[in-house]
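For 2, the entry in Swiss-Prot reads N-acetylserine, with the evidence type similarity to another entry. Marked as region 'CH (calponin-homology)-like region' by Swiss-Prot on the basis of similarity to another entry: 2-121. The phosphothreonine annotation in Swiss-Prot covers 61, and the record cites similarity to another entry as its basis. Swiss-Prot lists 133-258, 306-388, 433-453, 497-628 with the feature coiled coil. Residues or ranges marked as region 'Disordered' in Swiss-Prot: 611-632. If you look up Swiss-Prot, you'll see 613-629 marked as compositional bias 'Basic and acidic residues'.
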């Protein structure tokens with residue numbers, strides 16, 4: 001209990017309370033002062049509890065504190081009967097009740113602050129089921145539950161952000177930088193608006209630019225969707241290939257293997273899996289649980305200093321030495337009996353370690369095989385993306401090689417044919433050049449003949465006329481085809497329009513009927529809604545009146561209950577004071593001297609006489625000190641002068657005894673002397 005009180009006093013003297021208590025002053029606090037201290041601690045956890053209990057009824061104070069302690073999940077010691085005493089002790093400010101509560105609150109104040117904060121938003125309001133029959137109340141209650149769930153998720157995200165390393169200073173700097181950037185952008189936008197307003201049709205151009213931006217955003221969104229679908233397709237292809245490879249390997253194994261080998265392999269797999277499940281995994285799980293238990297234990301304990309760690313290390317070393325001594329003693333006692341058993345144990349431990357090592361090696365090999373298969377799958381997908389082909393394996397590669405050989409022979413033949421064609425092409429090209437040269441000479445001769453005859457340019461004009469007539473015939477043919485196509489297109493469009501009209505006629509007729517029906521239903525709905533609103537308003541007014549009456553009656557009931565409990569507490573306090581007064585009167589009136597000595601009056605009178613005698617002695621002592629003060633000061637001064645005189649004589653004597661003064665004549669105030 002003393003450690004508990006010491007912890008409470010130390011905590012109350014620190015921030016944010018700064019009470020400046022010690023053990024005696026804290027122990028001498030009255031019930032109301034203790035309750036005020038408890039209320040201050042609760043107000044530090046939940047700011048809504050910051051009230052002066054002198055301005056509050058005791059029952060209301062106890063009810064408020066009990067409600068908050070219930071929210072904070074404080075469990076009073078004892079059973080149901082102790083709960084009533086706990087409530088009563090909380091009302092009257094009993095120390096055995098208040099001290100454990102203060103100790104519990106001050107030990108985990110940060111955790112309780114968080115719990116009190118969450119309780120403001122996560123304690124669900126109980127709505128009676130008859131009120132939930134109303135649709136408005138039900139919708140509001142549903143919205144309230146959804147907001148509560150949203151608060152839970154937001155609080156989790158907030159805690160994750162707090163633990164993720166982001167500091168508020170960095171966020172504030174980012175916000176200030178964003179605000180500056182926002183101001184700059186607003187200024188730029190204003191300048192651009194002023195520049196754009198001078199341009200003609202700027203509204204239309206802004207509208208087009210807005211549409212362009214929307215379309216670009218839509219294009220980016222579609223590109224993102226396309227990329228996501230590509231990724232999904234890629235993953236689906238990977239899964240498909242993985243499953244196909246598994247199926248192929250299983251078919252290959254089933255085709256090549258016999259039932260005996262399959263059974264043997266299955267038995268080996270079953271043995272390995274059973275060993276992993278029954279021996280290896282439970283051991284690892286047990287070790288992880290122990291490690292977790294130790295870590296939780298370390299986290300729950302308070303932080304240790306260097307001295308505590310040194311003390312724990314010394315204890316661990318002592319325990320290890322004791323264990324080693326006990327093991328040596330046991331081995332010395334049981335060495336002749338358990339010699340063979342220790343050998344067998346060593347062999348069994350070696351075998352178990354080898355078994356565990358092989359199991360781990362097999363597990364690592366399986367993981368490595370799986371990673372290699374994933375890598376092969378990635379490489380095959382990359383090759384497929386690059387050139388659209390797949391990596392061949394086994395028999396497929398052999399077939400590919402044989403096919404490649406046959407294609408190489410065909411390639412050689414085709415290459416030979418191409419060489420022949422190239423040679424023939426060279427001959428034809430040379431023939432073409434010769435014919436062009438011959439044509440040029442003939443054209444030159446023709447032009448000279450035309451000049452001689454006086455009809456120069458006749459051949460050129462003839463060629464141009466032929467070329468233009470050919471072009472005109474081609475254009476006329478194209479025009480005719482275009483007109484035919486246009487007429488056919490018009491016919492098709494007319495037929496489509498007539499078909500759509502005939503198809504939409506019953507739909508339009510049905511739509512008219514539905515519109516008429518919709519108007520009737522909306523009119524009926526408006527009438528029903530008006531009736532509902534009037535009825536709901538009447539019921540709401542009645543409900544509000546009833547709620548006010550119930551609220552008033554509850555407040556009266558609470559006031560009467562608080563008065564009743566306060567009266568009971570005052571009666572008990574008066575009974576205690578009356579009992580003490582009667583005991584005092586009995587002791588004072590009693591003829592027995594022992595009883596009289598126990599009386600408080602006698603004790604106080606005795607203390608008063610003792611203090612008076614002590615004061616008288618002290619005054620006499622003070623008088624004696626005052627009388628002897630002057631002579632004592634004079635005597636002290638004389639002693640100091642004597643000490644100075646003796647010190648001066650000592651210095652003179654030391655000078656006389658020094659060797660530097662031998663053979664010198666020393667002349668002082670009295671006589672002349674020769675020191676030999």
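Cβ coordinates are placed from backbone N, Cα and C, and glycine is handled just like the others.
In this structure, the modified residues 2, 61 were compared by how many other Cβ atoms lie within 10 Å of their Cβ, and the smallest count belongs to 2. In terms of DSSP secondary structure, the region 'Disordered' (611-632) contains 22 helix, 0 strand, 0 coil. Long-range contacts of the region 'Disordered' (611-632) within the same chain: none, as no residue at least 6 residues beyond the stretch ends has a Cβ under 8 Å from a Cβ of the stretch.
For the region 'CH (calponin-homology)-like region' (2-121), residue counts in helix, strand and coil come to 91 helix, 0 strand, 29 coil, using DSSP. Of the recorded residues, residue 2 (N-acetylserine) and residue 61 (phosphothreonine) place their C-alpha atoms 27 Å from one another. When averaged over the coiled coil (133-258), pLDDT in the model lands at 81.
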